[in-house]
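Per TrEMBL, the features are as follows:
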type: DOMAIN; residues: 14-69; note: domain 'Acetyl-coenzyme A synthetase N-terminal'
type: DOMAIN; residues: 71-456; note: domain 'AMP-dependent synthetase/ligase'
type: DOMAIN; residues: 519-601; note: domain 'AMP-binding enzyme C-terminal'
Amino acid sequence: MPLQHPRIRTFEDYQDAYQRSIENPEQFWASVAEPFTWRRKWESVCKPDLVDGHNEWFSGAKLNITENCLDRHLATRGNKLALIWEPNDPKTRQIRYTYRELHQQVCQFANVLLNNGVEKGDRVCLYMPMIPQLAIAVLACARIGAVHSVIFAGFSSTAIADRVNDAQASVVLTSDGLNRGPKQIPVKRVVDEALESCPSVRRVIVVEHLGWPVHMEEGRDVWYHEEAQDAAKTCPAEEMDAEDMLFILYTSGSTGKPKGVVHTTAGYMVWADYTFRNVFQVEENDIYWCTADIGWVTGHSYLLYGPLLNGASTLMFEGVPTYPDAGRFWEVIDKHGVNVFYTAPTAIRSLMATPLDNVLSYSLDSLRVLGSVGEPINEEAWHWYHTHVGKERCPVIDTWWQTETGGIMISALAGVSPTKPAHAGQPLPGVQPVLLTQEGQEIEGNNQEGYLAIKASWPGIIRTTYGDHERAKQTYFGPYPGYYFTGDGARRDENGLYRIIGRVDDVINVSGHRFGTAEIENAINENDNVVESAVVGYPHDVKGQGIYAFVICRDGACANEADKPRVEASIIETVVAQIGKIAKPDKIQLVSGLPKTRSGKIMRRILRKVAEGETSNIGDVTTLLDPAVVDEIISGRK
Ligand code: WT7
């Protein structure tokens, strides 16, 4: 019988755990970590470093995370469902794996990787649909100590190539195609295009999903089902160091190029497990469903690792909330008896906009806990979720965290701590949030607003940005040495509950996905018609933020009004090719100039006001090189 992980059950437990985690973090985290399967225990619990960003947790320990996700459950939960897969089309077959079956599948995939020469430390990129083999492949990488880097399957071939090259991946895993609602997408073709500029890749393993004919590059590409034929269903787990890299996940920042956020083995494991257990309060026989794609960190921590570490039954959904109709989420909840449901505000807002019958025609009796993640949840969406989905019976927990934090940082614990619409709430044990002034002074007391930073290391903290530690240091620890800087602004209410306001840097959050304004500008500037561009976010009813692009065209490119629609369409095409459909500008305004200071800096404050429609309140423009350009921009506002 594996050791039991204690769980916070009451608000007093929470307060007690929080207190202990602050007073003696080493003792606190040693006791949290104790029940895992370790090949060797740690020499030191924590080596914090919020100046240079060299954080370590459980250094000296040896383990494999998949032994903790799978092997240790076999004795007591071997026949329990581990993974339930709901396909895109509700009429086609579901797949269910028990812990024993999932263990076998992972071992078999791991053997295929080994047979194809993948070694400990090698980077493997995965560009796959939301099918069981994606979950299995991620765990198979971890089993043999390869570093997984999942690339969301909506990114373009250029974006894939950037990530594969940055990670210097030797192997890519993909599939013939994917389903997204009514559409099918030829995923392998996108990978083929990307790999034309990826010399590090020597092997592509293709999982058959749609049964589509695909080009197989001689000497490079193999089919998974052929490779798996003779592969054994057992595979010893590689012994990993606590601080060995577990995965890289690319995310956008305020500068142009997405960065590879690195998480390592032991600290990430402890954090994903601890936060999952205490936030969601999943019970032994529950069905838990997180709607995120494994291509994002939410899918890593709360579809895969957190639930499996806890021995929970986790549901994976291939499709979209609106296919075959806007009742699909609720249909899946009733069909599988989902007890704990975790989704994003953008999904809620898009479903809110459809007839209420879509949700009222399902019972949703099984639900007990509702979660939200990815962006601020506005009060209207919070109430709709609470009333019509949770029937005012289920706590709505608003979980604030980031790719870089590895797991949830600020959130109510379901049924344990207070919830308040649009507020994430209180920090988890081990998390010490502070509000800073722009100059870096801590703001004391409640009813205050400032830059959100964290003043102590926690097990899931980002370890580095792949291949460029300096970048991690500058981004997260440089702005306020001694603090991890989140890039978010927040407010602490009269009771000390945190409300996240949004990014304070040049990052836009579109439907819970992060883009740097510079990243989108770089993409737009690739278009032959374009001289220069400036991108800002603006409030969008469904997406949270929309993308507004101000673009200066080359002389003559849009000399006539009639040229404009063609140029705009071609700019959109360029962004789709450079990044993917998810980064498509919502509005493009062709302008003759941008508001620049005499030193040549674009005044985004002005552009943001225009995009938001706040044109009567544009502020001081006297420092601009050419104030007249502002009038032109205002009158041409989309
Ligand atoms: C950014 C991180 C966390 C996994 C998914 C997104 C915003 C995230 C919330 C929330 C308000 C939130 C922040 C954060 N964000 N959760 N509950 N309330 N804002 O991960 O892509 O790394 O983005 O998403 O702005 O900095 P990510």
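Every residue gets a Cβ built from N, Cα and C, even glycine.
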The domain 'AMP-binding enzyme C-terminal' (519-601): mean pLDDT?
94
DSSP residue counts for the domain 'AMP-binding enzyme C-terminal' (519-601), split into helix, strand and coil:
28 helix, 29 strand, 26 coil
Using DSSP, what's the helix, strand and coil tally for the domain 'Acetyl-coenzyme A synthetase N-terminal' (14-69)?
24 helix, 11 strand, 21 coil
